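**Student:** The transmembrane segment feature in TrEMBL is assigned to B:6-24, B:33-53, B:59-81, B:90-108, B:120-140, B:152-174, B:186-206.
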Amino acid sequence: MQATQKPDIQDIVVILTLLFLTAPFFLLIYISLFNRRKKKHDDEKLEMKQSFDNEIVKTQHEIKEQTLQTVGADLHDNVGQLLSLTSFTLKSIKGNEPDGINKKVDAAIELVSRSMQEMRQLGKLLQGEQLISLGLNEAITQEVHWLERTEQYQITYQAQNLNSVTANPEKDLILFRIVQEILNNAVKHSRATRIDINLLYKAGTLQLQVNDNGVGFIIDPSDKPTGMGLMNIKNRAKMIDGTTTITSAPENGTQISVFVPYP
Amino acid sequence: MLNYFTIVTIPELICFITAAVCLYNDKSPAWKWLVFYLFWVCLTEIGGIYLRARYGTNNWIYNILFLFEIATIMIMFRAVLNPYRNSNKLISVAAIVLYSVYLINTFAKKDSFFQHYSNTGIALAIVAALLSFYFFYWFLNDDAYVPLFSSASFWWVSGTLLFYFGTTVIRVFYDYLSGVIPELTIYYIYRAVNITLYVCWSYSFICRRLRNPISRTL
(Lines of atoms letter the chains of each structure in order from A and count residues from 1; the text may use other names and numbers.)
(Lines give C-alpha, C1' and ligand atoms only; values in the text may rest on other atoms or scores of the structure.)
Protein backbone atom coordinates (compact mmCIF):
# COMPACT_ATOMS: atom_id res chain seq x y z
CA MET A 1 0.00 0.00 0.00
CA GLN A 2 1.33 3.39 -1.03
CA ALA A 3 1.01 6.32 1.37
CA THR A 4 -0.25 9.61 -0.05
CA GLN A 5 2.64 12.00 -0.18
CA LYS A 6 1.95 15.56 1.01
CA PRO A 7 3.26 18.28 -1.27
CA ASP A 8 6.50 19.73 -0.05
CA ILE A 9 6.45 23.38 1.15
CA GLN A 10 9.19 24.11 -1.36
CA ASP A 11 6.98 22.88 -4.22
CA ILE A 12 4.18 25.12 -2.99
CA VAL A 13 6.56 28.08 -2.90
CA VAL A 14 7.73 27.35 -6.46
CA ILE A 15 4.12 27.13 -7.70
CA LEU A 16 3.22 30.31 -5.81
CA THR A 17 6.19 32.12 -7.33
CA LEU A 18 5.17 31.10 -10.83
CA LEU A 19 1.60 32.16 -10.11
CA PHE A 20 2.64 35.55 -8.77
CA LEU A 21 4.94 36.10 -11.72
CA THR A 22 2.33 35.26 -14.36
CA ALA A 23 -0.91 36.51 -12.73
CA PRO A 24 -0.28 40.23 -13.49
CA PHE A 25 0.03 39.42 -17.22
CA PHE A 26 -3.42 37.80 -17.18
CA LEU A 27 -4.79 40.80 -15.28
CA LEU A 28 -3.36 43.18 -17.87
CA ILE A 29 -4.85 41.10 -20.71
CA TYR A 30 -8.24 41.24 -18.97
CA ILE A 31 -7.98 45.02 -18.54
CA SER A 32 -7.09 45.40 -22.22
CA LEU A 33 -10.12 43.33 -23.30
CA PHE A 34 -12.42 45.20 -20.91
CA ASN A 35 -11.13 48.51 -22.21
CA ARG A 36 -11.88 47.45 -25.79
CA ARG A 37 -15.46 46.69 -24.74
CA LYS A 38 -15.63 50.16 -23.21
CA LYS A 39 -14.54 51.68 -26.54
CA LYS A 40 -17.14 49.67 -28.41
CA HIS A 41 -19.80 50.88 -25.97
CA ASP A 42 -18.62 54.50 -26.41
CA ASP A 43 -18.79 54.15 -30.21
CA GLU A 44 -22.32 52.76 -29.97
CA LYS A 45 -23.37 55.64 -27.71
CA LEU A 46 -21.92 58.15 -30.17
CA GLU A 47 -23.68 56.47 -33.07
CA MET A 48 -26.98 56.58 -31.17
CA LYS A 49 -26.51 60.26 -30.40
CA GLN A 50 -25.78 61.02 -34.04
CA SER A 51 -28.85 59.08 -35.10
CA PHE A 52 -30.95 60.98 -32.52
CA ASP A 53 -29.60 64.34 -33.74
CA ASN A 54 -30.40 63.35 -37.35
CA GLU A 55 -33.92 62.43 -36.29
CA ILE A 56 -34.39 65.81 -34.60
CA VAL A 57 -33.33 67.62 -37.78
CA LYS A 58 -35.62 65.37 -39.85
CA THR A 59 -38.53 66.04 -37.47
CA GLN A 60 -37.98 69.80 -37.62
CA HIS A 61 -37.97 69.59 -41.40
CA GLU A 62 -41.16 67.50 -41.45
CA ILE A 63 -42.98 69.93 -39.15
CA LYS A 64 -42.00 72.81 -41.45
CA GLU A 65 -43.12 70.85 -44.50
CA GLN A 66 -46.46 69.96 -42.93
CA THR A 67 -47.08 73.59 -41.96
CA LEU A 68 -46.25 74.82 -45.44
CA GLN A 69 -48.48 72.16 -47.02
CA THR A 70 -51.37 73.27 -44.82
CA VAL A 71 -50.72 76.92 -45.59
CA GLY A 72 -50.49 76.18 -49.33
CA ALA A 73 -53.72 74.16 -49.32
CA ASP A 74 -55.52 76.86 -47.35
CA LEU A 75 -54.33 79.65 -49.62
CA HIS A 76 -55.65 77.69 -52.58
CA ASP A 77 -58.91 76.42 -51.07
CA ASN A 78 -60.03 79.32 -48.86
CA VAL A 79 -58.22 82.58 -49.38
CA GLY A 80 -57.91 82.04 -53.14
CA GLN A 81 -61.62 81.26 -53.47
CA LEU A 82 -62.65 84.24 -51.34
CA LEU A 83 -60.50 86.62 -53.37
CA SER A 84 -61.79 85.17 -56.66
CA LEU A 85 -65.31 85.71 -55.42
CA THR A 86 -64.44 89.28 -54.40
CA SER A 87 -63.01 89.97 -57.82
CA PHE A 88 -66.06 88.44 -59.49
CA THR A 89 -68.38 90.54 -57.30
CA LEU A 90 -66.52 93.77 -58.03
CA LYS A 91 -66.43 93.03 -61.76
CA SER A 92 -70.18 92.47 -61.79
CA ILE A 93 -70.84 96.07 -60.66
CA LYS A 94 -72.51 97.98 -63.44
CA GLY A 95 -72.78 101.79 -63.49
CA ASN A 96 -76.34 101.75 -64.72
CA GLU A 97 -77.58 99.85 -61.65
CA PRO A 98 -77.04 102.32 -58.79
CA ASP A 99 -79.15 100.29 -56.34
CA GLY A 100 -77.03 97.21 -56.75
CA ILE A 101 -73.66 99.01 -56.37
CA ASN A 102 -73.87 99.44 -52.59
CA LYS A 103 -75.05 95.85 -52.14
CA LYS A 104 -72.18 94.43 -54.21
CA VAL A 105 -69.57 96.65 -52.55
CA ASP A 106 -70.81 95.53 -49.12
CA ALA A 107 -70.57 91.91 -50.25
CA ALA A 108 -67.04 92.51 -51.53
CA ILE A 109 -66.06 94.16 -48.23
CA GLU A 110 -67.45 91.16 -46.34
CA LEU A 111 -65.45 88.79 -48.56
CA VAL A 112 -62.24 90.78 -48.13
CA SER A 113 -62.72 90.84 -44.36
CA ARG A 114 -63.16 87.04 -44.33
CA SER A 115 -60.00 86.73 -46.41
CA MET A 116 -58.16 88.85 -43.87
CA GLN A 117 -59.41 86.62 -41.05
CA GLU A 118 -58.18 83.56 -42.92
CA MET A 119 -54.81 85.21 -43.47
CA ARG A 120 -54.55 85.97 -39.76
CA GLN A 121 -55.24 82.31 -38.94
CA LEU A 122 -52.57 81.24 -41.42
CA GLY A 123 -50.14 83.65 -39.81
CA LYS A 124 -50.84 82.05 -36.44
CA LEU A 125 -50.25 78.58 -37.91
CA LEU A 126 -46.92 79.65 -39.36
CA GLN A 127 -46.06 81.08 -35.97
CA GLY A 128 -47.22 77.81 -34.43
CA GLU A 129 -44.20 76.09 -35.95
CA GLN A 130 -42.06 78.28 -33.72
CA LEU A 131 -44.44 77.77 -30.81
CA ILE A 132 -42.73 74.46 -29.97
CA SER A 133 -40.07 76.57 -28.36
CA LEU A 134 -42.79 77.87 -26.00
CA GLY A 135 -43.69 74.33 -25.02
CA LEU A 136 -45.51 71.24 -26.19
CA ASN A 137 -48.82 72.42 -24.72
CA GLU A 138 -48.80 75.66 -26.76
CA ALA A 139 -47.92 73.85 -29.97
CA ILE A 140 -50.67 71.23 -29.56
CA THR A 141 -53.19 73.95 -28.66
CA GLN A 142 -52.42 75.77 -31.93
CA GLU A 143 -52.68 72.55 -33.93
CA VAL A 144 -56.06 71.83 -32.33
CA HIS A 145 -57.31 75.39 -33.04
CA TRP A 146 -56.40 75.00 -36.68
CA LEU A 147 -58.30 71.75 -37.05
CA GLU A 148 -61.30 73.14 -35.13
CA ARG A 149 -61.74 76.09 -37.49
CA THR A 150 -62.63 73.69 -40.34
CA GLU A 151 -65.75 72.88 -38.27
CA GLN A 152 -65.58 69.31 -39.53
CA TYR A 153 -64.20 67.82 -36.32
CA GLN A 154 -65.16 67.90 -32.69
CA ILE A 155 -61.87 68.07 -30.82
CA THR A 156 -61.12 68.13 -27.10
CA TYR A 157 -57.65 68.71 -25.67
CA GLN A 158 -56.69 68.38 -22.03
CA ALA A 159 -53.24 68.86 -20.50
CA GLN A 160 -52.60 67.98 -16.86
CA ASN A 161 -49.66 68.61 -14.51
CA LEU A 162 -47.45 69.95 -17.29
CA ASN A 163 -46.54 73.02 -15.25
CA SER A 164 -44.97 70.83 -12.58
CA VAL A 165 -42.19 69.61 -14.86
CA THR A 166 -39.28 71.29 -16.64
CA ALA A 167 -39.59 71.04 -20.41
CA ASN A 168 -37.29 68.95 -22.57
CA PRO A 169 -37.23 70.75 -25.96
CA GLU A 170 -35.89 67.75 -27.92
CA LYS A 171 -38.55 65.39 -26.56
CA ASP A 172 -41.22 68.10 -27.06
CA LEU A 173 -40.29 68.35 -30.72
CA ILE A 174 -40.56 64.58 -31.26
CA LEU A 175 -43.84 64.40 -29.29
CA PHE A 176 -45.33 67.27 -31.26
CA ARG A 177 -44.49 65.49 -34.50
CA ILE A 178 -46.15 62.34 -33.10
CA VAL A 179 -49.29 64.38 -32.34
CA GLN A 180 -49.24 65.75 -35.91
CA GLU A 181 -48.89 62.22 -37.34
CA ILE A 182 -51.74 60.89 -35.21
CA LEU A 183 -54.04 63.78 -36.15
CA ASN A 184 -53.08 63.40 -39.78
CA ASN A 185 -53.98 59.70 -39.63
CA ALA A 186 -57.26 60.44 -37.86
CA VAL A 187 -58.30 63.03 -40.43
CA LYS A 188 -57.03 61.42 -43.64
CA HIS A 189 -57.38 57.68 -43.07
CA SER A 190 -59.75 57.15 -40.15
CA ARG A 191 -62.29 59.71 -41.35
CA ALA A 192 -62.89 60.56 -37.71
CA THR A 193 -65.31 63.28 -36.65
CA ARG A 194 -64.42 63.31 -32.99
CA ILE A 195 -60.89 63.40 -31.58
CA ASP A 196 -59.94 63.51 -27.89
CA ILE A 197 -56.37 64.38 -26.92
CA ASN A 198 -55.06 63.96 -23.37
CA LEU A 199 -51.59 64.90 -22.22
CA LEU A 200 -50.76 63.91 -18.66
CA TYR A 201 -47.55 64.15 -16.67
CA LYS A 202 -47.33 61.70 -13.77
CA ALA A 203 -44.38 60.29 -11.80
CA GLY A 204 -41.66 61.00 -14.34
CA THR A 205 -43.72 59.89 -17.33
CA LEU A 206 -45.51 61.95 -19.95
CA GLN A 207 -48.55 60.16 -21.26
CA LEU A 208 -50.12 61.19 -24.55
CA GLN A 209 -53.43 59.60 -25.44
CA VAL A 210 -55.39 60.26 -28.60
CA ASN A 211 -58.80 58.64 -29.22
CA ASP A 212 -60.84 58.98 -32.38
CA ASN A 213 -64.18 57.63 -33.56
CA GLY A 214 -62.97 56.81 -37.06
CA VAL A 215 -63.25 53.65 -39.12
CA GLY A 216 -60.49 51.87 -37.20
CA PHE A 217 -58.51 48.92 -38.51
CA ILE A 218 -57.46 45.36 -37.68
CA ILE A 219 -54.34 45.26 -35.53
CA ASP A 220 -51.65 42.88 -36.77
CA PRO A 221 -51.34 40.12 -34.09
CA SER A 222 -47.54 40.22 -34.44
CA ASP A 223 -47.76 43.82 -33.13
CA LYS A 224 -46.10 45.12 -36.27
CA PRO A 225 -47.36 48.59 -37.21
CA THR A 226 -49.43 48.31 -40.37
CA GLY A 227 -48.76 51.66 -42.05
CA MET A 228 -45.80 53.98 -42.42
CA GLY A 229 -47.50 56.57 -40.20
CA LEU A 230 -47.93 54.15 -37.30
CA MET A 231 -44.41 52.83 -37.77
CA ASN A 232 -43.07 56.39 -37.61
CA ILE A 233 -45.02 57.01 -34.40
CA LYS A 234 -43.59 53.86 -32.77
CA ASN A 235 -40.02 54.52 -33.95
CA ARG A 236 -40.08 58.13 -32.82
CA ALA A 237 -41.41 57.21 -29.38
CA LYS A 238 -38.72 54.53 -29.09
CA MET A 239 -36.05 57.08 -29.94
CA ILE A 240 -36.91 59.04 -26.79
CA ASP A 241 -37.14 55.80 -24.74
CA GLY A 242 -40.92 55.80 -24.99
CA THR A 243 -43.44 53.04 -25.61
CA THR A 244 -46.54 53.09 -27.77
CA THR A 245 -49.75 51.09 -27.52
CA ILE A 246 -52.28 51.08 -30.32
CA THR A 247 -55.81 49.77 -29.86
CA SER A 248 -58.22 49.65 -32.76
CA ALA A 249 -61.01 47.62 -34.32
CA PRO A 250 -62.99 48.09 -37.53
CA GLU A 251 -65.74 50.70 -37.04
CA ASN A 252 -64.67 51.20 -33.43
CA GLY A 253 -62.14 54.00 -33.72
CA THR A 254 -58.49 54.06 -32.72
CA GLN A 255 -56.76 54.73 -29.42
CA ILE A 256 -53.06 55.55 -29.43
CA SER A 257 -51.12 55.97 -26.16
CA VAL A 258 -47.52 57.08 -25.96
CA PHE A 259 -45.58 56.88 -22.68
CA VAL A 260 -42.33 58.80 -22.50
CA PRO A 261 -39.99 59.21 -19.53
CA TYR A 262 -39.92 62.95 -18.88
CA PRO A 263 -38.14 65.34 -18.74
CA MET B 1 38.82 48.01 -13.51
CA LEU B 2 35.33 47.40 -12.16
CA ASN B 3 32.52 46.65 -14.59
CA TYR B 4 29.82 49.21 -13.89
CA PHE B 5 27.73 48.21 -16.90
CA THR B 6 25.83 45.10 -15.85
CA ILE B 7 22.45 43.48 -16.47
CA VAL B 8 21.28 45.55 -13.49
CA THR B 9 22.72 48.95 -14.29
CA ILE B 10 22.15 49.12 -18.08
CA PRO B 11 18.28 48.99 -17.91
CA GLU B 12 18.38 51.50 -15.03
CA LEU B 13 20.61 53.88 -16.96
CA ILE B 14 18.43 53.62 -20.09
CA CYS B 15 15.33 54.26 -17.97
CA PHE B 16 17.01 57.26 -16.30
CA ILE B 17 18.06 58.74 -19.68
CA THR B 18 14.51 58.22 -21.02
CA ALA B 19 13.08 59.90 -17.92
CA ALA B 20 15.52 62.79 -18.20
CA VAL B 21 14.65 63.35 -21.88
CA CYS B 22 10.89 62.89 -21.55
CA LEU B 23 10.09 64.29 -18.12
CA TYR B 24 12.51 67.13 -17.48
CA ASN B 25 9.88 69.64 -18.55
CA ASP B 26 6.80 67.75 -17.33
CA LYS B 27 4.05 69.80 -15.72
CA SER B 28 3.49 67.28 -12.93
CA PRO B 29 5.98 67.45 -10.02
CA ALA B 30 5.33 63.74 -9.33
CA TRP B 31 6.53 62.66 -12.79
CA LYS B 32 9.42 65.12 -12.64
CA TRP B 33 10.46 63.57 -9.32
CA LEU B 34 11.02 60.27 -11.16
CA VAL B 35 14.03 61.80 -12.95
CA PHE B 36 15.66 62.52 -9.62
CA TYR B 37 14.68 59.11 -8.22
CA LEU B 38 16.11 57.19 -11.19
CA PHE B 39 19.28 59.26 -10.98
CA TRP B 40 19.56 58.20 -7.34
CA VAL B 41 18.92 54.56 -8.32
CA CYS B 42 21.79 54.69 -10.84
CA LEU B 43 24.10 56.32 -8.28
CA THR B 44 23.16 53.64 -5.72
CA GLU B 45 23.85 50.80 -8.16
CA ILE B 46 27.23 52.20 -9.18
CA GLY B 47 28.06 52.93 -5.52
CA GLY B 48 26.89 49.42 -4.63
CA ILE B 49 29.28 47.83 -7.15
CA TYR B 50 32.14 49.92 -5.80
CA LEU B 51 31.36 49.24 -2.13
CA ARG B 52 30.98 45.53 -2.70
CA ALA B 53 34.32 45.31 -4.47
CA ARG B 54 36.09 47.39 -1.84
CA TYR B 55 34.41 46.39 1.45
CA GLY B 56 32.51 43.21 0.55
CA THR B 57 29.20 44.67 1.71
CA ASN B 58 26.91 47.30 0.27
CA ASN B 59 23.60 46.78 2.10
CA TRP B 60 23.52 50.20 3.77
CA ILE B 61 23.49 52.08 0.45
CA TYR B 62 20.44 50.07 -0.68
CA ASN B 63 18.82 50.69 2.72
CA ILE B 64 19.12 54.44 2.05
CA LEU B 65 17.60 53.88 -1.40
CA PHE B 66 14.52 52.38 0.33
CA LEU B 67 13.74 55.86 1.74
CA PHE B 68 13.51 57.26 -1.81
CA GLU B 69 11.79 54.17 -3.20
CA ILE B 70 8.97 54.41 -0.65
CA ALA B 71 8.59 58.15 -1.30
CA THR B 72 8.53 57.61 -5.08
CA ILE B 73 5.93 54.86 -4.97
CA MET B 74 3.71 56.95 -2.68
CA ILE B 75 4.09 60.18 -4.70
CA MET B 76 3.39 58.41 -7.98
CA PHE B 77 0.37 56.46 -6.75
CA ARG B 78 -1.09 59.68 -5.37
CA ALA B 79 -0.61 61.27 -8.80
CA VAL B 80 -2.15 58.40 -10.80
CA LEU B 81 -5.00 57.67 -8.37
CA ASN B 82 -6.21 61.23 -7.76
CA PRO B 83 -7.86 61.68 -11.20
CA TYR B 84 -10.13 58.76 -10.26
CA ARG B 85 -10.49 59.22 -6.51
CA ASN B 86 -9.06 61.39 -3.78
CA SER B 87 -6.58 59.01 -2.19
CA ASN B 88 -4.51 61.38 -0.04
CA LYS B 89 -5.57 59.65 3.20
CA LEU B 90 -4.89 56.17 1.84
CA ILE B 91 -1.44 57.17 0.57
CA SER B 92 -0.63 58.88 3.89
CA VAL B 93 -1.57 55.74 5.85
CA ALA B 94 0.48 53.55 3.48
CA ALA B 95 3.48 55.89 3.82
CA ILE B 96 3.23 55.87 7.63
CA VAL B 97 3.10 52.04 7.67
CA LEU B 98 6.10 51.71 5.33
CA TYR B 99 8.27 54.27 7.12
CA SER B 100 7.34 52.62 10.45
CA VAL B 101 8.57 49.26 9.11
CA TYR B 102 11.71 51.04 7.90
CA LEU B 103 12.35 52.54 11.35
CA ILE B 104 11.74 49.19 13.05
CA ASN B 105 14.23 47.61 10.62
CA THR B 106 16.76 50.36 11.37
CA PHE B 107 16.57 50.12 15.15
CA ALA B 108 15.87 46.39 15.47
CA LYS B 109 19.48 45.50 16.21
CA LYS B 110 22.66 47.36 16.94
CA ASP B 111 24.19 46.99 13.48
CA SER B 112 21.01 46.45 11.48
CA PHE B 113 21.74 49.43 9.20
CA PHE B 114 24.45 47.30 7.61
CA GLN B 115 22.08 44.40 6.93
CA HIS B 116 19.51 44.17 4.16
CA TYR B 117 16.08 45.57 5.19
CA SER B 118 14.16 42.56 3.90
CA ASN B 119 11.01 43.39 5.91
CA THR B 120 10.85 46.88 4.40
CA GLY B 121 11.24 45.33 0.94
CA ILE B 122 8.42 42.84 1.60
CA ALA B 123 6.12 45.53 3.05
CA LEU B 124 6.82 47.84 0.10
CA ALA B 125 6.12 45.03 -2.40
CA ILE B 126 2.79 44.22 -0.73
CA VAL B 127 1.69 47.87 -0.46
CA ALA B 128 2.73 48.65 -4.07
CA ALA B 129 0.87 45.58 -5.37
CA LEU B 130 -2.27 46.50 -3.38
CA LEU B 131 -2.16 50.09 -4.63
CA SER B 132 -1.74 48.80 -8.19
CA PHE B 133 -4.86 46.64 -7.81
CA TYR B 134 -6.68 49.64 -6.31
CA PHE B 135 -5.69 51.74 -9.33
CA PHE B 136 -6.87 49.10 -11.78
CA TYR B 137 -10.16 48.76 -9.87
CA TRP B 138 -10.93 52.47 -10.43
CA PHE B 139 -9.50 52.36 -13.93
CA LEU B 140 -11.98 49.61 -14.86
CA ASN B 141 -14.85 51.31 -13.05
CA ASP B 142 -14.34 54.59 -14.85
CA ASP B 143 -16.79 55.12 -17.71
CA ALA B 144 -14.32 56.93 -19.90
CA TYR B 145 -12.39 54.92 -22.47
CA VAL B 146 -8.62 55.35 -22.20
CA PRO B 147 -6.42 54.30 -25.13
CA LEU B 148 -4.05 51.93 -23.31
CA PHE B 149 -1.15 52.21 -25.73
CA SER B 150 -0.77 55.90 -24.99
CA SER B 151 -1.71 55.93 -21.30
CA ALA B 152 1.33 56.83 -19.20
CA SER B 153 -0.43 56.02 -15.91
CA PHE B 154 -1.48 52.58 -17.14
CA TRP B 155 2.06 51.61 -18.18
CA TRP B 156 3.64 53.00 -15.03
CA VAL B 157 1.26 51.05 -12.79
CA SER B 158 1.58 47.91 -14.98
CA GLY B 159 5.36 47.94 -14.57
CA THR B 160 5.01 48.50 -10.83
CA LEU B 161 2.50 45.66 -10.48
CA LEU B 162 4.57 43.22 -12.56
CA PHE B 163 7.67 43.94 -10.52
CA TYR B 164 6.36 44.22 -6.96
CA PHE B 165 3.58 41.60 -7.16
CA GLY B 166 5.78 39.24 -9.18
CA THR B 167 8.63 39.41 -6.71
CA THR B 168 6.55 39.30 -3.51
CA VAL B 169 6.82 35.51 -3.14
CA ILE B 170 10.51 35.55 -4.02
CA ARG B 171 11.12 38.18 -1.34
CA VAL B 172 9.02 36.39 1.31
CA PHE B 173 10.13 32.80 0.63
CA TYR B 174 13.64 33.37 -0.64
CA ASP B 175 15.10 30.79 1.78
CA TYR B 176 12.66 28.05 0.69
CA LEU B 177 13.10 28.88 -3.00
CA SER B 178 16.87 28.82 -2.88
CA GLY B 179 16.61 25.25 -1.60
CA VAL B 180 14.82 24.12 -4.76
CA ILE B 181 15.89 26.48 -7.51
CA PRO B 182 19.54 27.41 -8.08
CA GLU B 183 20.28 30.88 -6.75
CA LEU B 184 21.47 32.02 -10.17
CA THR B 185 18.07 31.12 -11.65
CA ILE B 186 16.30 33.14 -8.95
CA TYR B 187 18.71 36.00 -9.67
CA TYR B 188 17.87 35.93 -13.40
CA ILE B 189 14.12 35.70 -12.73
CA TYR B 190 14.44 38.72 -10.45
CA ARG B 191 16.46 40.59 -13.06
CA ALA B 192 13.97 39.72 -15.83
CA VAL B 193 11.14 41.17 -13.76
CA ASN B 194 13.33 44.17 -12.98
CA ILE B 195 13.96 44.77 -16.69
CA THR B 196 10.19 44.48 -17.32
CA LEU B 197 9.69 47.22 -14.72
CA TYR B 198 12.11 49.59 -16.42
CA VAL B 199 10.77 48.80 -19.91
CA CYS B 200 7.22 49.62 -18.77
CA TRP B 201 8.34 52.75 -16.95
CA SER B 202 10.42 53.97 -19.92
CA TYR B 203 7.44 53.43 -22.22
CA SER B 204 5.20 55.34 -19.81
CA PHE B 205 7.67 58.28 -19.89
CA ILE B 206 7.51 58.29 -23.70
CA CYS B 207 3.69 58.25 -23.54
CA ARG B 208 3.85 61.12 -21.08
CA ARG B 209 6.13 63.14 -23.36
CA LEU B 210 3.96 62.48 -26.44
CA ARG B 211 0.88 63.59 -24.52
CA ASN B 212 2.47 66.78 -23.25
CA PRO B 213 4.69 67.92 -26.11
CA ILE B 214 6.98 70.78 -25.22
CA SER B 215 5.59 73.97 -26.65
CA ARG B 216 7.71 75.27 -29.46
CA THR B 217 7.69 79.02 -29.38
CA LEU B 218 9.37 80.90 -32.16
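Cβ from N, Cα, C; glycine included.
No curator has checked TrEMBL annotations; they are predicted automatically.
What you are looking at is a predicted structure, and each value in this text was computed from that prediction instead of being measured.
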**Student:** For the transmembrane segment (B:33-53), find every same-chain residue at least 6 residues outside the stretch whose CB is under 8 Å from a CB in it, and list them.
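**Tutor:** Those are 2-4, 6, 8-9, 12-13, 15-16, 19-20, 23-24, 61-62, 64-65, 68-69, 71-72, 75-76, 201, 205, in sequence order.
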**Student:** Verify whether three or more Cβ pairs under 8 angstroms connect the transmembrane segment (B:186-206) with the transmembrane segment (B:59-81), leaving out any pair fewer than 6 apart in sequence.
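**Tutor:** Checked: the transmembrane segment (B:59-81) vs the transmembrane segment (B:186-206), no contact.
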**Student:** Should anything in the same chain at least six residues away from the transmembrane segment (B:120-140) have a Cβ under 8 Å from its Cβ atoms, list it; otherwise answer none.
**Tutor:** 63, 66, 69-70, 73, 77, 80-81, 84-85, 87, 90, 94, 97-98, 101-102, 105, 146, 153-154, 157, 160-161, 164-165, 167-168, 171-172
**Student:** Mind checking which residues of the chain, 6+ beyond the ends of the transmembrane segment (B:6-24), have their Cβ under 8 Å from one of its Cβ atoms?
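**Tutor:** Distant contacts of the transmembrane segment (B:6-24): 31-32, 34-35, 38-39, 41-42, 45-46, 49, 191, 194-195, 198-199, 201-202, 205-206, 208-209.
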**Student:** Using a Cβ cut-off under 8 Å, which residues of the same chain at least 6 positions beyond either end of the transmembrane segment (B:152-174) come close to it?
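**Tutor:** Apart from its flanks, the transmembrane segment (B:152-174) reaches 31, 73, 76, 80, 83, 118, 121-122, 124-126, 128-129, 132-133, 135-136, 139, 146, 186, 189-190, 193-194, 196-201, 203-205, 207-208, 211.
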